[in-house]
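Worksheet: one structure, shown below.
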Amino acid sequence: MTTRTPPRVAGTGRPPAPAHPGTAVRRAVVRQVRRGTVVVAVLCGGLTAFVAQEYEQTLSGAVGVGSLTALAENPAIRTLFGPPLALDDPGGFTVWRTGTVVAVLAGVWAALAGTRVTRGEEEAGRADLLLAGRVRPVTLVRTALAVLLGAGAGVGLAVTAGVWAAGTAWAGAVLFGVLVGGTAVAGGALGVLTGQLLTERRAASGLAVAVLLTGLLARMVGDGVPALAWLQWLSPFGLLGRVAPYAHDRWAPLLALGVLAAVPAVLAVVLAGTRDVGTGRWQGRDRARPPSRLLRSLPGLAVHRTRRPAATWSLGVAAYFLLIGLLATAMLDFLRDNPVFAQMAAAVGFARLASVEGYAASLFGLLAVPVGAFAAARVAALAADEAASRLTLLYSRPVGRVRWAGWEAAVAAAGAALVAAAAGVATWTGASWVGAGLGLGGALGGALSVLPVALLCLGAALLALGWAPSVVLPVGVLPGAGGFLLLVLADSFGWPAWVRGLSPFAHLAAVPAEPWDVAGAAGMVVVALALAAAGLVGYVRRDLRG
Amino acid sequence: MTLPTGPAALRAEHLSKHFGRTRAVDDLCLEVPPGEVFGFLGPNGAGKSTTIRTVLGLLRPTSGRVEVFGDPAGDVERAHRHLAYVPADVALWPGLTGRECLDLLAGVGPGTDPAYRDELVERFALDVGRRARTYSTGNRQKVALVAAFATRAPLLVLDEPTSGLDPLMEREFRRCLAEAAARGQTVFLSSHALAEVEAVCTRVGILRAGRLVEVAGLAELRRLRRSEVTVSLVRPAPELERLEALPGVADVRWATPLEVTLALTGPPGPVLRALGAADVARLDVREPSLEEIFLDYYGRDAA
């Protein structure tokens, strides 16, 4: 027998290269986002399906046509809750009640995932290993974008399936799903883009989320001020009102959504090909001003690390609450003219809307969510430092873990108070501008009254730091965001009192309309301290990661 | 010279650390007296870094105890007054400059000599005005080295401190180490650079699979090991055929009838007596390098 090619000798020939190196990269990225995708899809699909289902049983037919028109015409209602359209339809009600929340959740998650799989991998040095193979940086970015597109499609499908299964019209269900999924895709592309621009993952995530939430603010202004209605075209949240699922079912505005996702995606791909790996397109100064005097002690370090996030969060919260202050008189006029809605609002957790104090108090309730998220994010930053080995040198000095975590928590609590106070001052400024007659003391008191909930978030985050350090942020925002959602659902659908009582918000008084609920606040602080203490016990006992 | 009477700089008693079913460190007993420069050796994954992180209180021992100058390692506020640490892989806050990192570590440290620190910054040619994110691996390591040496802490715990340094900086590091030893500081040095360990350490411990297999002074270690003896003869000496039978002799190899090499363990007396009868032109005794000793320990695993 003859052979034309000599037989291969083991160990001397080079094994053939795999045909598609991109496949391996795609698998790696999918692995990183699949769990989050499933969680977000289940949350979004479940929440919308649930609200549509419950509407059928409790609220069907409760709203008359005349009231609907009045509601839709009021700028304050449109601004705060989005344009109320087709509220007589379970689908329309679901879009109005949950659309913004679900879209923000999907968009913010996707933005964080986008920076994580691009900038995060690069910052940790893992991308270098892949790029040493037959993979170009552009391929990594394209893969991330493609995977996030798939993740967004999954979330959108879950929403469509959820509301469709609850018995709403298919066209509205598809449009709603496309909007939520599209928001996730746009958010993910934005995250990938900021990951190309900035060198640090934390900064890139912050920028992406800030841009998204600015889009939300633009939607609010666009809904409230007819002359600025064009602002609605600039964000996925505004397009929700343009498409108007279940009301007008317009398909054309989806093109704008496509543009909102495509522009950051194309920019990201272009930038990926023209920058150095390991650094962002925008590089800060490499040399600092004279060294900070804060950085000589633990409390100083804690203040140094917290001051910029505290300023950024304060600014964002202040912008939102300035708008709320400016809308005070428009809202009060509306409720005076339409008492039906004052009753309805009371039924879904916005009691006493008829006075300016009541109006402010109702909206300060929302404030606990971002302030609590701020506190939880600070503890998450501590956990991230640990995972990146940045605490190893610090803890090799005579620094106890309780002392450092305690300083971080104390400064985070002070920062939370600052963020809340900024909201109070902003509300007072806006309300004074339109002559709504809200006192500075009342506004500040109302804003600061949510602090016990923020402390609960801080306590929950510390608990996670001690016992489950990889989920500090989700656990930390649970008392705030989860508690708020629980209260709204319990009030909307008349759930038993004990379920409602599980929400921290059930124990908040409507300051400044009511005096402080001292017992409720004290109880929450005690629970927060207990959570923090349990967390610190775990933190001291466990092995340090990183 | 008086013998140290205070507590050991570092004492580990039956220290074990398990991660799930993996025994990273297993029943380790070790005592490093004050003033000693101790080398801590072992192959990758032997448990060196786990031991060090347990000494620092970053990991909690599964069983056993560790003390630093008599203070339990878990009580870091007390134990860390006595030590300074340089990790193999230094992570710094990317937004802080080198100067800010040094200030911070001094601010929370066991007391720092600022003049000596400035001198060290000069000697290590560290540009402290730059932000940490612009630093290379070596530069980050320099920050940790400067911070550690500047404390003059009685115990220096160094985990592969020169893995990122160039030869020039490595020489500077050895100088600093020698100065520290001269001042009476204790050094616990984990390193793969065996020449470095050989140059600075007086005693070494060899860790394998989480267990300490040897703790000995370098001289003692060499004595226990085989030296290589090379003998050149003026004329052939057939009576030397009997060399193989002598105690402690192995691996006798005749390169030519006039040159023989052999491995010798233990006292050289019998070999020297045997050679006395022959006409020896040249005798060469080479002590084993630490690398050879070390490879001998590694090799046992493979054998």
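Positions of Cβ are set from backbone N, Cα and C atoms, glycine also.
Annotations in TrEMBL come from automatic prediction, not curation.
Annotation source TrEMBL lists region 'Disordered' at A:1-23. Residues annotated as transmembrane segment in TrEMBL: A:36-53, A:95-118, A:139-164, A:170-195, A:207-231, A:251-272, A:310-332, A:359-384, A:405-428, A:440-465, A:477-498, A:518-540.
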For the transmembrane segment (A:139-164), distant same-chain residues with Cβ under 8 A (at least six beyond the ends): 21-22, 25-26, 29-30, 33, 36-38, 40-42, 44-50, 52, 91, 94, 102, 106, 110, 113-114, 117-118, 121, 127, 130-131, 170, 172-174, 176-185, 188-189, 191-192, 196, 265, 268-269, 272
Spatial neighbours of the transmembrane segment (A:251-272) far in sequence, C-beta under 8 Å, 6+ residues away: 137-138, 140-142, 145, 175, 178-179, 182-183, 185-186, 189-190, 192-193, 195-197, 233-236, 239, 242-243, 281
Stretch-level contact, the transmembrane segment (A:207-231) and the transmembrane segment (A:405-428), CB cutoff 8 A, at least 3 pairs: no
Same-chain residue ranges lying at least 6 outside the transmembrane segment (A:95-118) that approach it to Cβ under 8 Å: 29, 32-33, 36, 40, 43-44, 47-48, 51, 81-87, 140-141, 144, 147-148, 151-152, 155, 159, 172, 176, 179-181, 183-196, 201, 204-205, 208-209, 212-213, 216, 236-237, 240, 245-246, 485, 492
Long-range Cβ neighbours of the transmembrane segment (A:440-465) (under 8 Å; 6 or more residues past either end): 321, 325, 357, 360-361, 364-365, 367-368, 371-376, 378-380, 382-383, 405, 409, 412-413, 416-417, 420-421, 423-425, 427-428, 431, 471-480, 483, 504-505, 507-509, 511-512, 516, 520-521, 524-525, 527-532, 534-536, 538-539
Tertiary contacts of the transmembrane segment (A:359-384), as residues 6+ beyond its ends and Cβ separation under 8 Å: 80, 202, 305-306, 309-310, 313, 316-317, 321, 324-325, 328, 331-332, 345, 349-353, 405, 408-409, 411-413, 415-416, 419-420, 423-424, 427, 431, 438, 442-443, 446-447, 449-451, 453-458, 460-462, 464-465, 469-470, 472-473, 475-477, 479-481, 483-484, 504-505, 508, 510-514
Non-local residues, at least 6 beyond the ends, that sit with Cβ under 8 Å of the transmembrane segment (A:36-53): 90-91, 93-94, 97-98, 101-102, 105-106, 109, 113, 151, 154-155, 157-159, 161-163, 165-168, 176, 180, 184, 485, 489, 492
